[in-house]
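Q: As listed in TrEMBL for this protein:
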| type | residues | note |
| --- | --- | --- |
| ACT_SITE | His72 | active site, proton acceptor |
| BINDING | Asp73, Val76, Gly78, Asp80, Ser82, Glu93 | Ca(2+) 1 binding site |
| BINDING | His198 | heme b binding site |
| BINDING | Thr199, Asp252, Asp260 | Ca(2+) 2 binding site |
| DISULFID | Cys41-Cys120 | disulfide bond |
| DISULFID | Cys74-Cys79 | disulfide bond |
| DISULFID | Cys126-Cys330 | disulfide bond |
| DISULFID | Cys205-Cys238 | disulfide bond |
| DOMAIN | 31-334 | domain 'Plant heme peroxidase family profile' |
| SIGNAL | 1-18 | signal peptide |
| SITE | Arg68 | site 'Transition state stabilizer' |
Amino acid sequence: MALDVLLRLLILAAVASAMPMPGAADPAGAGLAIGFYDKTCPKAEELVLEEMRDIVHEDRTLGPALLRLLFHDCFVRGCDGSIMLKSRSKKGERDAKPMSYSLRGFHEVERIKAKLEDECPLTVSCADIIIMAARDAVYLTNGPRFPVETGRRDGKVSSCVDAENDLAPPNANIVDLKTYFSVKNLSWKDLVVLSGSHTIGRAQCNAFAPDRLYNNSGKGVQDPTLDKAYAPELRERCEPGNEKDETRVDMDPKSPYEFDLSYYRDVLSNRTLFVSDQALLDDKLTRDYVARMAAAESTEEYFHDYAAAMINMGRMEVLTGDNGEIRKICSAYVD
């Protein structure tokens, strides 16, 4: 059997194992289904991929940006598209600082939404567009293209306080990270697998430099766990004491736009940007997974695990059925 065929079968098996048994209660994902729009908007996923191809071709940094947008949406009030809502009083999720600072991709979600509105008005939710766009962002950087459940509806509430409380900060330790994930019904494995999303994209200096380069634990020193040869490279890019430094640095310098296993090799070599990345080595289960992926000759196991973890995250606190709404414009004002 060809490797690509085997990989597709493994990914489908991972998705199937994450789905509820017929008749079983599934409060985390009730109402979701693969192919939810097959009858009401059969070209939905095709149109999202088509538009994502154009978006990434125009600016390859937007793929990772849209993947990040999904995480910020799902971890705050669930995967309900509320990250898109605007607040005139600057009290929405996208106004949360520093947690939602530098988020991008809002315009691109609206661009995809406009295409879908032309095809099938008031049918496909903003929440589903975000998760389909994120899936395709992974695929378009040579990652897996796995089936995603759809059927979410859009939330009507967006609060910066929720974002500040529910998003793990980049300097979180392993105990805190596991807690942030467990309260969302995600496991240690979801944590270490989804952290691998950092294999693509960039981060601003102000998100990592204070903790990693200049003031670790408030002691005015470099993080002692950071690779001594890598640190000078980062200091050349990031200005000390500048809390507003927006210089962008590749999270995976060797292959920043290739969805591969380099992230895990970077973690194992102490060459990652965030304290939260380094923290994966401080727990036996997550450390063992990092080591296994770092040594892997094939992405097969990781792509299988990533598909299952994305399904798990995509079920968090979703609105389905008569709950929520289907917005014509995703970036509506909440106040």
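Residue numbering: from 1, along the chain as shown.
Including glycine, each Cβ sits where the backbone N, Cα and C put it.
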Q: Measuring Cα to Cα, tell me the gap between Asp80 (Ca(2+) 1 binding site) and His198 (heme b binding site) in whole angstrom.
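A: With distance taken Cα to Cα, His198 (heme b binding site) is 23 Å from Asp80 (Ca(2+) 1 binding site).
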Q: Taking Ser82 (Ca(2+) 1 binding site) as the reference, which of Cys126, His198, Cys238, Cys330 (the recorded positions) have a CA within 10 A of its CA?
A: Cys126, Cys330
Q: Quick check: which same-chain residues outside Thr199, Asp252, Asp260 lie with their CB within 8 A of the centre of the Ca(2+) 2 site CB atoms?
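A: Other same-chain residues with Cβ inside the cutoff are Gly196, His198, Ile200, Lys254, Ser255, Pro256, Glu258, Phe259, Leu261, Ser262, Tyr263, Asp266.
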Q: Round to a whole number and give the Cα-to-Cα distance in Å for the pair Cys238 (disulfide bond) and Cys41 (disulfide bond).
A: 47
Q: Return only the integer: C-alpha distance in Å from Thr199 (Ca(2+) 2 binding site) to Arg68 (site 'Transition state stabilizer').
A: 12
Q: Expressed to the nearest Å, what is the distance separating Cys120 (disulfide bond) and Cys126 (disulfide bond) at their Cα atoms?
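A: Cys120 (disulfide bond) and Cys126 (disulfide bond) have their Cα atoms 13 Å apart.
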Q: Looking only at C-alpha atoms, tell me how far Cys79 (disulfide bond) is from Glu93 (Ca(2+) 1 binding site), rounded to the nearest Å.
A: 13
Q: Quick one: which residues besides Asp73, Val76, Gly78, Asp80, Ser82, Glu93 have a Cβ within 8 Å of the Ca(2+) 1 site's Cβ centroid, in sequence order?
A: His72, Cys74, Phe75, Arg77, Cys79, Gly81, Ile83, Gly155, Ser158, Asp162
Q: Between Asp260 (Ca(2+) 2 binding site) and the residue listed as 'heme b binding site', what is the CA-CA distance rounded to a whole number of Å?
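A: Asp260 (Ca(2+) 2 binding site) to the residue listed as 'heme b binding site', Cα-Cα distance: 10 Å.
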Q: Could you round the CA separation between Arg68 (site 'Transition state stabilizer') and His198 (heme b binding site) to a whole angstrom and send it over?
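A: For Arg68 (site 'Transition state stabilizer') versus His198 (heme b binding site), the Cα atoms are 9 Å apart.
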Q: State which of the following disulfide-bonded residues has the fewest other Cβ atoms within 10 Å around its Cβ: Cys79, Cys330.
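A: Taking Cys79, Cys330 as the disulfide-bonded residues, the minimal 10 Å Cβ count falls on Cys330.
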Q: Sort out for me which one of Cys41, Cys74, Cys126, Cys205, Cys238 has the most neighbouring CB atoms within 10 A, since those are the disulfide-bonded residues we care about.
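A: Highest number of other Cβ atoms within 10 Å: Cys126.
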Q: Under 8 Å Cβ-Cβ from Gly78 (Ca(2+) 1 binding site), six or more apart in the same chain: what's there?
A: Gly155, Met316, Glu317, Val318, Leu319
Q: Which of the recorded positions His198, Cys205, Asp252 has its Cα closest in space to the Cα of Val76 (Ca(2+) 1 binding site)?
A: His198
